[in-house]
Amino acid sequence: MNEIVDILISASFWAAILRIASPLIFATMGELICERAGVLNLGIEGIMVMGAFAGWIAVYAGLPLWGGVAVAMLSGMAFGLIHAVLTVPFGLSQHVVGIGITLIATSSAYYAYRLSLPEVTSPPRIEPFQPVDIPGLSDIPFIGTALFSQTPLTYFAFFTVLVVAFVLYRTPLGLALRAVGENPSAVEAQGLSVTALRMGAVIVGSGLMAVGGAFLTLSAFSSFFFEMVNGRGWICIALVVFGAWSPSKAMMGALLFAGFDALQVRLQQTSFGAMVPYQVFLMIPYILSILALVLMSRRANVPAALMVPYNRGER
Amino acid sequence: MRLEAIANPTLARSIGLPVLALVATFVVGGMLAMLAGANPLLTFGLILKGAAGSKFALLETLNRATPLIFTGLAVAVAFRARLWNIGAEAQLYAGALVTILIGTKLALPGVVLIPLMGIGALVAGGLVLLGPVLLKTRLGVDEVVTTLLLNFIMLLVISMLLEGPLKDPMGMGWPKSEAIPRDARLPRLVEGLRLHWGFGIAILSAIVVWVIQTRTTLGYEIRAVGLNAAAARFAGIPVGKVMIKTALLSGGLAALAGFSEVAGLRGTLTLDLSPGFGYTGIVVAMLALLNPLGVVVSAIFVAGIFVGADGMSRAAEVPTYIADILLATALLFMVLAILLTKFRVLRG
């Protein structure tokens, strides 16, 4: 028991939560934008792999870190464009296309990795984002080190939530985006293009997913290796449901989830953890995701037109 | 742009477009090979040679196709009912696990063990998919995410068992199970050739699934639920029950891939039993247009690309991941081509 208390009162634990939550927040916001516009994007897992690779290789090739973030975002948007074209104007199955995008983005990243570094046995490291203290706030005892001594991408993740929430609920564009996921015919009747809105949402959302992937290589691990995304994309899809398609609730979900993840890593090192196989701890994130889906299933306010393709002139 | 249904698509359209999709895939593949500094035609030649250039290569392709037929069938059965089973990987490992448990823990003669392992795997795989399907039909939880997440959970369960109770004490510290006895292995199809009875069972399964789909009430109900679940319910079809039967069949088929790999090829259970057979099954099923007999052909084609790419990358400087890109590209081009056989694109 004392060991758990020790974990909970350590600033590094709380700092870790924000760090673990950051990639999830980017990708969850990306998926949320897609789904609010009515398109399920199962390309998320592969797009995160691509973003992780593209951002890292760009920095390895000499670009500044923020340049790497931009390259990752563009790579995600490119795969988002393919997803958007196939699912929006052509109205193909969002499940099948999404899985296809995940397969093609993952294998393209691996192919490009082998092509660019044929000789290496272990991937080279880059100089990642360093923690930046926020003047004034980071000097607050405990809270300062826990919350205000993070890498720039973490601050950027939380800023993204604000932007997504502001655009969705406070701008005409956001109104149109939400409407297109609920009642596309009504949006069309207003003289707006359902196709353009949905495609735009998928492309921008995919860009954010890729930034989530890039966080792993540019901020967390400083090199790229296979399987590094490891189901985080699928977890983000569960987080969108858990957050009832609301940016702030989804962010809280990501933080809660990251909390459990940070806790399980630390529990493994306690005397209690030594008695339990480590795989049990590694399973917790996936089991929690399923539990989250089950808990929210009864009261989820799914966008009414989610996964319903829109073909003009058809009713 | 807008889509308009074509009442009577011409034969040229129905066949030409899917062929065009395959051609387009290989054009993309050619460009990828050029990116790696290789000659595209030479690369494809090497892939073909690696897949079917010798008796050994051809048998290797059929061996690799065996688990893909099972997972392809599993996906085809499920997708037909619009049950998005992305968890064939987990069901495969469940089948492999039960095969190992029965094969190593029960001291019975081989003739008894083999059918016991097969049936055990079938049941285990069905049960693994039953959970997500019950969550879907009872609570409306999307099965895509739950089946995907179960893949990760199942691999960790296997890893835990292989480092714990199932660990082979003679395994030199590797996470590997004990081997099932010799007489409980699936025999070779033809003596002296490296192709086991798993392939035969896979072909039989494809025929059985085809009969179920085209000649039985269940097959009719599965199609009705897939085409329009609301209409099927209105017509008096018990949608929930059909979903459960579909799940048991689909999960069971995927688990047979695990049974066949363990009892036919490996003899033991390790964590690298499946290099993504479950996920590749989706590509196999889609390329076969969800037709069970087509799954056999498409599984052999897909296996050929993988086996061929392995051989090719040893000779040319093109990474094997080109096979994965080719197949994902084929999947996307194919779903688009099939749509365009039924709809034409209008401007404005």
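Each Cβ is built from the backbone N, Cα and C atoms, and glycine gets one as well.
Remember, TrEMBL labels are computer predictions, not curated facts.
Through the fold, the transmembrane segment (B:12-36) approaches residues 6, 43-44, 316-319, 322, 325-326, 329-330, 333-334, 336-338, 340-341 of its own chain, all at least 6 residues removed from its boundaries and within a Cβ separation under 8 Å. What TrEMBL records for B:12-36 (among others) is transmembrane segment.
The annotation transmembrane segment is assigned in TrEMBL to B:65-83 (among others). If you look at the transmembrane segment (B:65-83), the same-chain residues 6 or more away from its ends with a CB under 8 A from one of its CBs are 91-92, 125, 129, 133, 136, 143, 196, 198-199, 202-203, 205-206, 209, 213, 222-223, 225-226, 229, 242-243, 246-247, 249-254, 256-258, 260-261, 264, 274, 277-278, 280-282, 284-286, 288, 290-292, 295-296, 298-300, 302-304.
As annotated by TrEMBL, transmembrane segment applies to B:90-108 (among others). Same-chain neighbours of the transmembrane segment (B:90-108): 67, 70-71, 74, 116-118, 120-125, 127-129, 147, 150-151, 153-155, 158, 161, 166, 177-181, 184, 250-252, 254-259, 261-263, 268-269, 273-274, 277-278, counting only residues six or more beyond its ends whose CB sits under 8 Å from a CB of the stretch.
Positions annotated as transmembrane segment by TrEMBL: B:114-135 (among others). Outside the transmembrane segment (B:114-135), and at least 6 residues removed from its termini, the chain residues within Cβ reach (under 8 Å) are 74, 78, 83, 85, 87, 90-92, 94-99, 101-103, 106, 108, 141, 143, 146-147, 150, 154, 180, 184, 186, 201, 243-244, 246-256, 258-259, 263.
Per TrEMBL, transmembrane segment is recorded for B:144-162 (among others).
As annotated by TrEMBL, transmembrane segment applies to B:195-213 (among others). Residues 59, 62-63, 65-67, 69-70, 73, 76-77, 80, 118, 185-189, 219, 222-223, 249, 253, 256, 259-261, 263-265, 291-293, 295-296, 299 of the same chain, all 6+ positions outside the transmembrane segment (B:195-213), place their C-beta atoms under 8 angstroms from a C-beta of that stretch.
Look at TrEMBL and you will find B:242-259 (among others) tagged as transmembrane segment. Counting same-chain residues at least six beyond the ends of the transmembrane segment (B:242-259), those with a Cβ under 8 angstroms from any Cβ of the stretch are 66-68, 70-71, 73-75, 77-78, 80-81, 83, 85, 87-88, 91-99, 117-118, 121-130, 132-134, 136-137, 198, 201-202, 205, 209, 212, 218, 221-222, 225, 232, 273-274, 277-278, 281.
Among the features that TrEMBL reports, transmembrane segment is placed at B:279-309 (among others). Outside the transmembrane segment (B:279-309) by six or more residues, the chain places 46-52, 57, 60-65, 68-77, 79-80, 86, 88-89, 202-203, 206-207, 209-210, 213, 254, 257, 318, 320, 322-323, 326-328, 330-331, 334-335, 338 with a CB less than 8 A from a CB of the stretch.
Within the chain, the transmembrane segment (B:321-340) has long-range Cβ neighbours (under 8 A, six or more residues past its boundaries) at 3, 13, 17-18, 20-22, 24-26, 28-29, 32-33, 36, 43, 47, 280, 282-283, 286-287, 289, 302, 305-306, 308-309, 313. Per TrEMBL, transmembrane segment is recorded for B:321-340 (among others).
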